[in-house]
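Novice: Here it is: the structure, laid out below.
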Amino acid sequence: MSADSSPLVGSTPTGYGTLTIGTSIDPLSSSVSSVRLSGYCGSPWRVIGYHVVVWMMAGIPLLLFRWKPLWGVRLRLRPCNLAHAETLVIEIRDKEDSSWQLFTVQVQTEAIGEGSLEPSPQSQAEDGRSQAAVGAVPEGAWKDTAQLHKSEEAVSVGQKRVLRYYLFQGQRYIWIETQQAFYQVSLLDHGRSCDDVHRSRHGLSLQDQMVRKAIYGPNVISIPVKSYPQLLVDEALNPYYGFQAFSIALWLADHYYWYALCIFLISSISICLSLYKTRKQSQTLRDMVKLSMRVCVCRPGGEEEWVDSSELVPGDCLVLPQEGGLMPCDAALVAGECMVNESSLTGESIPVLKTALPEGLGPYCAETHRRHTLFCGTLILQARAYVGPHVLAVVTRTGFCTAKGGLVSSILHPRPINFKFYKHSMKFVAALSVLALLGTIYSIFILYRNRVPLNEIVIRALDLVTVVVPPALPAAMTVCTLYAQSRLRRQGIFCIHPLRINLGGKLQLVCFDKTGTLTEDGLDVMGVVPLKGQAFLPLVPEPRRLPVGPLLRALATCHALSRLQDTPVGDPMDLKMVESTGWVLEEEPAADSAFGTQVLAVMRPPLWEPQLQAMEEPPVPVSVLHRFPFSSALQRMSVVVAWPGATQPEAYVKGSPELVAGLCNPETVPTDFAQMLQSYTAAGYRVVALASKPLPTVPSLEAAQQLTRDTVEGDLSLLGLLVMRNLLKPQTTPVIQALRRTRIRAVMVTGDNLQTAVTVARGCGMVAPQEHLIIVHATHPERGQPASLEFLPMESPTAVNGVKDPDQAASYTVEPDPRSRHLALSGPTFGIIVKHFPKLLPKVLVQGTVFARMAPEQKTELVCELQKLQYCVGMCGDGANDCGALKAADVGISLSQAEASVVSPFTSSMASIECVPMVIREGRCSLDTSFSVFKYMALYSLTQFISVLILYTINTNLGDLQFLAIDLVITTTVAVLMSRTGPALVLGRVRPPGALLSVPVLSSLLLQMVLVTGVQLGGYFLTLAQPWFVPLNRTVAAPDNLPNYENTVVFSLSSFQYLILAAAVSKGAPFRRPLYTNVPFLVALALLSSVLVGLVLVPGLLQGPLALRNITDTGFKLLLLGLVTLNFVGAFMLESVLDQCLPACLRRLRPKRASKKRFKQLERELAEQPWPPLPAGPLR
């Protein structure tokens, strides 16, 4: 490692990002703890030495350097400072197992044109400071970015500015001279305020655009599609095929021509199919992400220019067509509104209304301002301009930095899986290699004793290595996950990362979103609770019967619906709310004649029916002047409306009851607000509060657009409560109960009200009736008092969404029973615990079941905190507000109609959580099958190893076609078909083991090999004892001394053993269906067994090709079949005894070791001491 190895994580200057760790360039999916970057540059003497070594060793080092590129870099280049590096070595360490991944990249340079880095005067701040400095970095840092490295070459060409950068997994990292480090290219929305984004609406000059393109690169998501010759070289130089080539050469030298030819043909066909599939997949992915179109951009001075989408850079201002179309980049909407279909990215099938980004000094963030951001790859269904002639959007991200680029990157560079099974499998292969070495030493000794020529000894000894280390093991293991992936696809569950299927079998906890996941998507309006003065009126079941007034107008206008092809579209709750009023949405891009100015939309009342309306005169249409769309973080939305005859416009706010009440004038909030809210939420209803506020007169739509959200959403007057019924899906309760029976924790993570979430949790069985539920309530530090934390029993009337009655709180007692306690808390409480009570957080997480009012980023944080406790975490949601959590989870399942989603490795087309147990059952089946296949491949290799060693002892071996029959006809057939067994129909409590190097697995391998060895040696010695036995001529080496009796007996017995072992390790329960359900596998076993029985009794036509000696003694043939039967019974008895008796014996001999997982340790601690502390006073 170079002395100049620089960490890429740490403090960074404003506007710049560090190297985002993780294979998908996503901090949320990061699984690394540190990254190091080392620089290397050219050295003439090292280059000469490099070529000498390669030439003297006949090019073999080139192959090694392809597998180990760091070796080649260190031999050819010398370590140097990063400022002068030509090649970089990136080392990424996994935080869980401390393993390192190495990557090498080339530093590239590019001359930057003479165009100015300053923007046009229109986009300058009032103080003259340039706002086009991408990322709004501190003054001077932008010029460092473009520098603006003056190299010796630059001097010779007139001091041209040269940019140094490198590309890693699609992302571009640039050299910052003043920081002496590489940083990910800064994005426009990083560190920039919303006002800065709005100032960019004038666009970039052509010169500035060219400079930025040199820095950001073209706006393309480039998928390399290699030619067939390139793919052939890559595939042929794979270590697997390198071992195959070595083996084929060895077999040819040993005169195994037929076997070598067949393996060569099979390997060639495999390579060709792999090349075709790889290229086809690359082409399909390239065609899927390829997006090239002509777009219109603004230029300074009011000009417009049509350019190719690949020319776009952050800072360009797009003019969006009214008919919509695909978005070629990520952009912030600064003028107009767009109706967008984001199903390809988030899985949200409902069109989303995007509104113009509000101005302000707050920083712009694509995630925070999702409702104002258009993402690359999404489809704009329609665009409407209200202020000005055009719908405008400022480009914020291009290429791989976009949302679509993130999806492609996650496919191209999936996050590495830290799974014990895969590590143990590598260790086991290494152990087999050691065994091969021991066998080689033994064979050398035996062959030397038998006076075999030296060249024959070398060939035979190396041949033993090809027997012990099974080259087909990776392919056999891959087949398991492919079968599982295919079965999931048939059930409507699509997986873009097949290796994650096995992780599904190890899930210990699953988080669920509520709305649309546990409950129905649609909501039914139960009624409205109006407010008169400071008192609630009785529930009005039909909102259309409300008198004309602020509450009715709020219900009719406070939404983000839009018309698409004459049909209202938008959030289902908004649709139901408006439908209950009977009002009709009309969108008028022209001026509203009734109001006298241009408006966003008009809500028209139904035909006047005096007998149904509590009103004296018919209602009038209401015009919407401005919308502040719903924000998950703010938990509310608002509109500004006006109508003919109104003296001043009004603002209507709709959102979380607790939050809206907090924004209202306390004099307008009834004293029984909390009790009224609880009466509905405790029954499982969803409650939304509505409030209003008169505003100063705004003469036009343009003036309304200047209003800030803080101005509109403050000092409100509470109007009433909208009560909606959100029913559980019929599949929810059975699934939750099934998970709990199998000891898989079910956790609810929702943005809904805490009381509603608790009611749903009890209704679906997350919290059983006899189990205690405790509310966790925290308060921020204030007035010199530290933050406090209280635990309040849910049965107590004191716990109503954090509002407590101190007179009754202390009188309630609960018998301590930690095993049946569940905690419920809100997002604000979760944030306080994370910040002020970090030591208590693990205990809260271990017992937490309901997490309500959680913002999207808090959902992600919760999943990550659970993973820190070493839970294998699943997450199931609809993909709308769960994107981060779905990506961060070990197994994320998005409920969507799309086949692939950016948010998760699994996408289910079924709209219920039934997919969760399906994924778990398939994961357990796949993992258990992987164990079986691995055991079988190891046993197959060891069985053949024993056969060869026995025959080597007498200076013979298996024949050419005998090897072919064993490896291709018998072993390959059963290894492929044994993986077809489907998953068990019911989830059990036991999880499949994750460790391959465990006592049960190793005991099974050892005892089965003892049995195999005993049967083969028994058959061999029985043959020697027969009166008709004629020893082979040991002076002649194999295969020239074939056929002989010893070979015939060993081959016949071992052939049966491959079938017996395949059947013995293919047990069904508890993770797979019974063996008899795998019909193709049983048919193959029956056919192959019949052929082998016929081969023993009546060799017939196969005797000659297989080089078998004819045994005429029928009694001896039956004796051989008796040995086979004994082997069959013994193998199954061994597996049965090991499955049923070994665990009990191990428990008696050695007490079960306590799990080292962090959450298990916490569970034991909580079981030994009463926790949490119940009302004895708050913790501070």
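In case you wondered, yes, glycine gets a Cβ from its N, Cα and C as well.
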Novice: Is it the case that Ala704 shares a side of the membrane with Gly39, at least as far as the topological domain names in Swiss-Prot go?
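Specialist: Swiss-Prot topology: Gly39, Ala704 on one side of the membrane.
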Novice: Quick one: average pLDDT across the topological domain 'Lumenal' (952-957), no decimals.
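Specialist: Result for the topological domain 'Lumenal' (952-957): average pLDDT 87.
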Novice: For the recorded positions Asp513, Asp878, Asp882, which one has the sparsest Cβ surroundings, going by other Cβ atoms within 10 Å?
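Specialist: Sparsest of the recorded positions Asp513, Asp878, Asp882 by Cβ contacts within 10 Å: Asp878.
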Novice: Which residues, given as numbers and ranges, are at least 6 beyond the ends of the transmembrane segment (236-253) yet have a Cβ under 8 Å from it?
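Specialist: For the transmembrane segment (236-253), the nonlocal Cβ contacts are 63, 66-67, 259-260, 263-264, 267, 271, 459, 462-463, 466, 469, 471, 474.
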Novice: Provide the three-state DSSP residue tally for the topological domain 'Lumenal' (1102-1117): helix first, then strand, then coil.
Specialist: 5 helix, 0 strand, 11 coil
Novice: Restricting the comparison to the recorded positions Asp513, Asn1033, Asn1110, which residue's C-alpha is spatially nearest the C-alpha of Asp882 (Mg(2+) binding site)?
Specialist: Asp513
Novice: With Cβ-Cβ distances below 8 Å as the criterion, list the same-chain residues six or more beyond the ends of the topological domain 'Lumenal' (449-463) that contact it, or say none.
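Specialist: Distant contacts of the topological domain 'Lumenal' (449-463): 250-251, 253-254, 440, 443, 948, 952, 955, 957, 1034, 1037.
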Novice: Recorded positions Asp513, Asn1033, Asn1110: which have a Cα within 10 Å of Asp878 (Mg(2+) binding site)?
Specialist: Asp513
Novice: Which residues of the same chain, at least 6 positions away in sequence, have a Cβ lying under 8 Å from the Cβ of Asn1110 (N-linked glycosylation site)?
Specialist: Pro1099, Gln1103
Novice: Near the topological domain 'Cytoplasmic' (979-994), which same-chain residues lie under 8 Å Cβ to Cβ, leaving out any that are not at least 6 residues past its ends?
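Specialist: For the topological domain 'Cytoplasmic' (979-994), the nonlocal Cβ contacts are 419-421, 476, 479-480, 483-484, 487, 505-506, 738-739, 741-744, 917, 920-922, 924-925, 927-929, 931, 933, 1000-1001, 1066, 1068-1073, 1075, 1077-1078, 1080-1081.
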